[in-house]
Amino acid sequence: MNTLRIAGGQVLRPDATVEDADVLVDRDEGTILDIGADLDADETLDAEGCLVTPGLVNAHCHVAMTLLRGYADDKPLDAWLREDIWPAEAALTPEDVRVGAELGLVEMIKSGTTAFADMYFHVPEVAAAVDEAGLRARLGHGVVTLGKDDEDARADIDESLDVAREFDGAADGRIRTAAMPHSLTTVAEDYLREFVADAHAEDIPVHYHANETTDEVDPIVDERGERPLSYAKELGMLTADDFLAHGVHVDDAEIDLLADAGTGVVHCPASNMKLASGMAPVQKLLDAGVTVGLGTDGAASNNDLDMFDEMRDAAMLGKLAAADASAVAAGDVVRMATAGSADAINLPGGALEVGGAADLAVVDLDAPHLTPANDLVSHLAYAARGSDVRHTVCDGRVLMRDREVLTLDEDAVMARASEAVASLRERV
Ligand SMILES: CSC[C@H]1O[C@@H](n2cnc3c(O)ncnc32)[C@H](O)[C@@H]1O
Ligand SMILES: [Zn+2]
């Protein structure tokens, strides 16, 4: 057996307690063998003065959108997508998506993220980047039928199902898949009904954007006389395997539907603030027992993929939304960014426990903004930054050691991404 010891640090346990301990990893199996004192191993990763946390799980992303970071800002969702993002995305080549994904994966590794869910196109390129980078992911091809003729709409749906079949279990099982209709308004009802039924018939989960803006909710209510999540339930898109992004404008009845169904909701606070989409009722969702994860959304509406930022934003916005400073507390956002997200997207990880996935981030506490160490859970939620992560491990493999990314060439990826965008800007 080939073992790795993360030695000399403090370890964040699933019950939010922190203990002095080593973490012993079986690198062949990618699992945690032991958490305790003085454990022997083939290789050691120094965690002295550090907090060992579960790897963060970014439960909703469009990773290749790193290429569009700063391309279009300061607009609401609909205008931003139609006027800027969709025209630019139409010009993206498979090679662009590959390098955009690699850039995002470098950023994730450097900020302690070990798993993510992603909706985009040119999925084979995203999958190849994930395989190389060493992370875990649930990937899918996003479908929009709006503005397409029947042949194109069906081709888009077929591609989503084909990709979900082909890549499930890729990268030694680190990649899982989902069918991904973009939203309840950008895929027409007949297509949506058939797409979801076909996916579920093959046990493929469904992921989509829902209840993100009032501009998206109001037409559904006006035209159908029902709330979006009641429509989603009717379409069969509200099962325990499915998960939706945003859930900003949900009423009490919709929250009950989510809790009853066990459908995960991925809260994306930075994107919701930047696009002025609104404030999700996160404390209400948690109180109702809904599985809530945390996501960055794409880097064009955030504008980074740092889950530490996201935790802080979630706590701040959650308090504002509830008009209650005790709402969405530090422990809540740390749980959302780890176990909550892993549960929502149904991937291993999210907790440091014997037998569990060896997906972890080692956070260096030796910094003025993390001193004094009054409460390390508070520090993770409110004070730590992605740049405080010293080592990142996924599936037992060290992806970053002492801030050096080992699986991708960071400088080369940045140079290729800049070149790709220079060429893209000439084409758009
Ligand atoms: C068809 S692939 C996914 C599609 O989603 C777009 N997108 C990025 N951010 C958001 C958001 O917040 N709401 C809805 N859609 C979004 C992305 O640009 C791709 O076109
Ligand atoms: Zn999104």
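Backbone N, Cα and C atoms are what each Cβ position is placed from, and that goes for glycine too.
Feature list (source: TrEMBL):
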{"type": "DOMAIN", "residues": "51-398", "note": "domain 'Amidohydrolase-related'"}
{"type": "BINDING", "residues": "HIS60, HIS62, HIS209, ASP297", "note": "Zn(2+) binding site"}
{"type": "BINDING", "residues": "GLU89, HIS182, GLU212, ASP297", "note": "substrate binding site"}
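Features as recorded by TrEMBL, highlighted on the structure.
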residue: HIS60; record: Zn(2+) binding site; contacts (Cβ under 8 Å, 6+ apart): ALA117, MET119, HIS207, ALA245, HIS246, VAL266, CYS268, GLY293, GLY295, THR296, ASP297
residue: HIS62; record: Zn(2+) binding site; contacts (Cβ under 8 Å, 6+ apart): ASP118, MET119, TYR120, GLY142, ASP297, GLY298
residue: GLU89; record: substrate binding site; contacts (Cβ under 8 Å, 6+ apart): LEU68, PHE121
residue: HIS182; record: substrate binding site; contacts (Cβ under 8 Å, 6+ apart): MET119, GLY142, VAL143, VAL144, TYR208, HIS209
residue: GLU212; record: substrate binding site; contacts (Cβ under 8 Å, 6+ apart): LEU77, SER183, ALA245, HIS246, VAL248, HIS249, ASN272, SER277
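Listed in sequence order, the binding-site residues among GLU89, HIS182, GLU212, ASP297 whose CB lies under 6 angstroms from an atom of ligand 2 come out as ASP297. The most densely surrounded of the binding-site residues HIS209, ASP297 is ASP297 (count of other Cβ atoms within 10 A of its Cβ). Under the three-state DSSP scheme, HIS209 (Zn(2+) binding site) falls in the strand class. Those residues noted as binding substrate (GLU89, HIS182, GLU212, ASP297) have their most widely separated CA atoms at a distance of 21 Å.
Classification of HIS60 (Zn(2+) binding site) by DSSP places it within a strand.
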